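Here the structure is laid out as C-alpha cells; the discussion comes afterwards.
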Amino acid sequence: MAANAWFETVAEAQRRARRHLPKSVYSALLAGSERGRTYHDNTAAFAELGFAPHVADLPAKRDLATTVMGQQISLPVLISPTGVQAVHPDGEVAMARAAAARGTIMGLSNFAGKPVEEVVAANPQTFFQMYWMGTRETMAGHMERARDAGVKGLIVTLDWTFSHGRDWGSPWIPDRLDLKALARFAPQGLTRPRWLLGFARTGRLPDLTVPNVAEPGRPAPTFFGAYGEWMQTPPPSWEDVRWMREQWDGPFMLKGVSRLDDARRAVDAGATAISVSNHGGNNLDGTPATIRLLPGIARVVGDQAEVLLDGGVRRGGDVVKALALGARAVMIGRASLWGLAANGQAGVENVLDILRNGIDSALLGLGRASIHDLEPGDVLVPPGFTREIGVTGEIGSPRDA
Ligand SMILES: Cc1cc2nc3c(=O)[nH]c(=O)nc-3n(C[C@H](O)[C@H](O)[C@H](O)COP(=O)(O)O)c2cc1C
C-alpha cells in the first residue's frame, strides 16, 4: 500500500473504495432501496443538527470509554454486522482485528464470509448477529455454535422485507465466483487490478459462501442460497422473539427498531439493548432517519435497556449528536466497509481513529469532559426535526391493538 494510504475523512474512504472496487462490488456496499429516501435522510438529518460550543473552561482531557452489553470499550462506536465482506481477502477477520486494535466490539453478520471461531479469535469482543431464518432447531444450532465460539452477545436483526428494487439499479453479483462467473465479471475486475491482485496474492478467489449458517457436517451454503432460505422462512412473531431470547443466556440486542411500541415490546421480550436502525436505508424506503426517531425511543425505553443507534454515522460529530440525544453508543456499517475496501485492517482502524478524534474534538468544543456528560442542550435541534412513530405507552403495559 502506498505511503499516503491514510485518509482524513470517511468521505475520502468512500472515494477510495469506489476507485478500488469493481463497480458492482462498490454498488453492493452502497446498497439502499427504492428512491433511496431513507438512505439519504440518515445522513442528511445529522447535518441538520448543530452544536452549541463554549470558548473557555474547556476540559484538557476527554473520556470516551463506555460499556455496551457488559463489554468495556474505548469509544462509543461498534462495528455493525454487514454481510459477506469479500471486499478484502481477510474480510471479517481484518474488520475484527481492527476493532480489537482500537478497543471496540465487532458485530459479525449471520451472512459473514468467515467462520465465527476465526473472528472471535481475532476479537474476543464479538457479538454474533442472527436473522430469523430456517427452523427453530437450525437457529438454536447456530446460536449454540456462536456460544461455543465464545461470542459475548447476540444481535437479532428483524427489519427486513425482501424488497430489492433500486431506482439506480442493482449490481450483478454471482452466486459463486467460478470460471463462468469470472468471465462475466472480468471486464469490471480488469479495471480494478489492485483489488484482484489482493485476492491473487492469497491464491484464492473472493468467497461468497456463508459458513456460519452451514448445517453440521455440510458445506457452507452460498450467500444467495442462504438468502433464499431466509426469504422463505415465515417472519417471526413477538412470541418467536421471546423464544429466541430464552435460548440465549447472555446479552441480547434487538436491531432494527423504528417505532415506539416496538421498542417497548423489545424491552418486554427481554432485550438487553435495542438498536434504533432502518438497516442503513436498505429496507422499507420512507422510514425516517434513525437520529430523528432516537429521542422518542430513548424516552420510552428509559433505563430499561441500552439504546444504540445505527444509520448515517460518518463523523465523530454524528456520534456526539446521537449520544447527546439519548444513545449509549452507535454502530457503523458503510463507514467500516469503505475503510476495509480502501486499506484493509488499517483502513478500518483509520475510520475508527477519524471517529475517535471527531468525538474528542466535539467534546472539547462543547466543554464536556466525558461522553457521559453529554445532554440534549449540547445540540441544536431545529423545529420539526424529530419523529415519533407507533403508539406510546409504558413498558410492561398490555399490547396495543
Ligand atoms: C452492504 C451492507 C450489508 C449489510 N448486511 C447486514 C447484515 O448482514 N446484518 C445486519 O444486521 N445488518 C446488515 N446491514 C445493516 C448494517 O448493520 C447497519 O444497520 C447499517 O449499515 C447502518 O447504516 P450505515 O451504513 O449508514 O452506517 C448491512 C448494511 C450494508 C450497507
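Using the three backbone atoms N, Cα and C, a Cβ is placed for every residue, glycine included.
According to TrEMBL, the feature domain 'FMN hydroxy acid dehydrogenase' maps to 2-384.
Other Cβ atoms within 10 Å of the Cβ of P81 (FMN binding site) number 25 in total over all chains. The annotation FMN binding site is assigned in TrEMBL to 81-83, S109, Q129, T157, K255, S277, 310-314, 333-334.
Taken from TrEMBL, the feature glyoxylate binding site applies to Y131, R166, H279. For Y131 (glyoxylate binding site), the count of additional Cβ atoms within 10 Å of its Cβ stands at 23 [all protein chains shown].
According to DSSP, H279 (glyoxylate binding site) sits within a helical segment. Summarising the annotation, TrEMBL assigns active site, proton acceptor to H279.
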I'd like to know which of the binding-site residues Y131, R166, H279 sit within 10 A of D310 (FMN binding site) at the Cα level.
H279
Grab the glyoxylate binding residues from the record (Y131, R166, H279) and give me their largest CA-CA distance in Å.
23
Separation of alpha carbons, H279 (glyoxylate binding site) and G312 (FMN binding site) (Å):
10
Which binding-site residues among Y131, R166, R314 have CB under 6 Å of ligand 1?
none
